[in-house]
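The structure appears right after this line, and notes come after that.
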Amino acid sequence: MFIRPPAVFLMGPTASGKTELALALAERLSCEIISVDSAQVYCGMDIGTAKPSLALRHRYPHHLIDILDPAETYSAGRFRADALTLMKAISKRGRIPLLVGGTMLYFHALTYGISPLPPADPEVRAAIDREANMKGWKALHRRLAELDPMAAQRIHHHDPQRIQRALEVFQLTGRPLSELIANSRESELPYRVIKLILAPAERIVLHSRIERRFRAMLKAGFLEEVKGLFMRPDLSLGHSSIRAVGYRQAWLYLQDQFSFPTMAEQAISATRQMAKRQLTWLRRESNAIHVDPEEKDHVEQAWRQLEMALVQAS
């Protein structure tokens, strides 16, 4: 019997093989999977977010996938509330919550809580977008560095979504986003969390995996998927969903701002930058099981160590 019910966090950078490992573990573990991915929440964004197929989602219970229209917004605070509700229900069913993804802010918010942040303000965001169109996102990143140096250090100047959010929070609250997050009230999760980190030992290997996956997405019809979103008059680059890595670059290609080769190059580069940020977050994690997806027996390694950790948690 578990003193506190267990929960497994399967974390890793993009293209590390988290979904495949999660499904392999689900074959052996009585669990339900909770997606920790800020883009997989959106309906109609399947190829570019590498969602598991509907057949796999029916075979292995998944949560927090396809819960919003791309015109809607999602937040770390809402994720925390949704995840806690799901984890409680899954544990009551006698199963283990298996949280899988690469949105590290969501994992952090779930673990430590988060200061109440203001909801997105369309007028403020539109004003920031107009300023970015005139001055460029690099200029706005420089302004962010003056207002919130800590946030600017963590946010790359090619990450307009996070630059916009940090500036928006400052305009709405008068306080830096980094300060609000740092002051978030730590609240211990009522779970025995087992952390599993999946990442190649060599960054060059991850870079290669990222490029292969994006080119496979293109062959699978990614541009056609984005065209379907592009044709909707209610969607634009002002929406968080469309600013997701890969989608933003494809959108600009459809607006004739990029050539096809440039679009692919920019998308791959942006994905590598995202992976770099994810790895920075992961380096802060302690007491985690580390697995290299390039090892032939990495599934067995992960299972053996996870099984041992679950025994110790009981």
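Placed from the backbone N, Cα and C atoms, the Cβ positions cover glycine too.
What Swiss-Prot lists as ATP binding site is Gly12, Pro13, Thr14, Ala15, Ser16, Gly17, Lys18, Thr19, and the listing cites sequence analysis. Cβ-based neighbour count (10 Å, all protein chains) for Lys18 (ATP binding site) stands at 24.
According to Swiss-Prot, the substrate binding site annotation covers Thr14, Ala15, Ser16, Gly17, Lys18, Thr19. Remark: Ser16 (ATP binding site) has Gly102, Leu198, Ala199, Pro200, Leu206, Arg209, Pro293 as non-local neighbours, by Cβ distance under 8 Å and separation of at least 6 in sequence.
Positions annotated as region 'Interaction with substrate tRNA' by Swiss-Prot, on the basis of sequence analysis: 37-40 (among others). For the region 'Interaction with substrate tRNA' (37-40), the list of distant contacts is 48-49, 51, 64-66, 74, 79, 101-103, 105-106, 240-241, 244, 247: same-chain residues at least six beyond its ends, Cβ to Cβ under 8 Å.
The region 'Interaction with substrate tRNA' annotation in Swiss-Prot covers 161-165 (among others). Per-residue pLDDT, averaged over the region 'Interaction with substrate tRNA' (161-165), rounds to 92.
What Swiss-Prot records for Thr103 (among others) is site 'Interaction with substrate tRNA', and it gives sequence analysis as the kind of evidence. Taken residue by residue with DSSP, Thr103 (site 'Interaction with substrate tRNA') is part of neither helix nor strand, so it is coil.
All chains included, 19 other C-beta atoms sit within 10 angstroms of the C-beta of Arg125 (site 'Interaction with substrate tRNA'). Under the three-state DSSP scheme, Arg125 (site 'Interaction with substrate tRNA') falls in the helix class. Among the features that Swiss-Prot reports, site 'Interaction with substrate tRNA' is placed at Arg125 (among others).
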Item to check | Check: same-chain CB within 8 A of ATP site center, minus Gly12, Pro13, Thr14, Ala15, Ser16, Gly17, Lys18, Thr19 | outcome: Gly102, Leu198, Ala199, Arg209, Pro293
Next on the checklist: What is the set of residues, excluding Thr14, Ala15, Ser16, Gly17, Lys18, Thr19, whose C-beta falls within 8 angstroms of the centroid of the C-beta atoms at the substrate site?
Outcome noted: Gly12, Pro13, Glu20, Ala50, Gly102, Leu198, Arg209, Pro293
Checklist outcome for this item: For Gly17 (ATP binding site), the nonlocal same-chain Cβ neighbours (under 8 Å, six or more residues apart) come out as Leu198, Arg209, Pro293
Checklist entry - Where DSSP helix means H, G or I and strand means E or B, what are the helix, strand and coil counts for the region 'Interaction with substrate tRNA' (161-165)? => result 5 helix, 0 strand, 0 coil
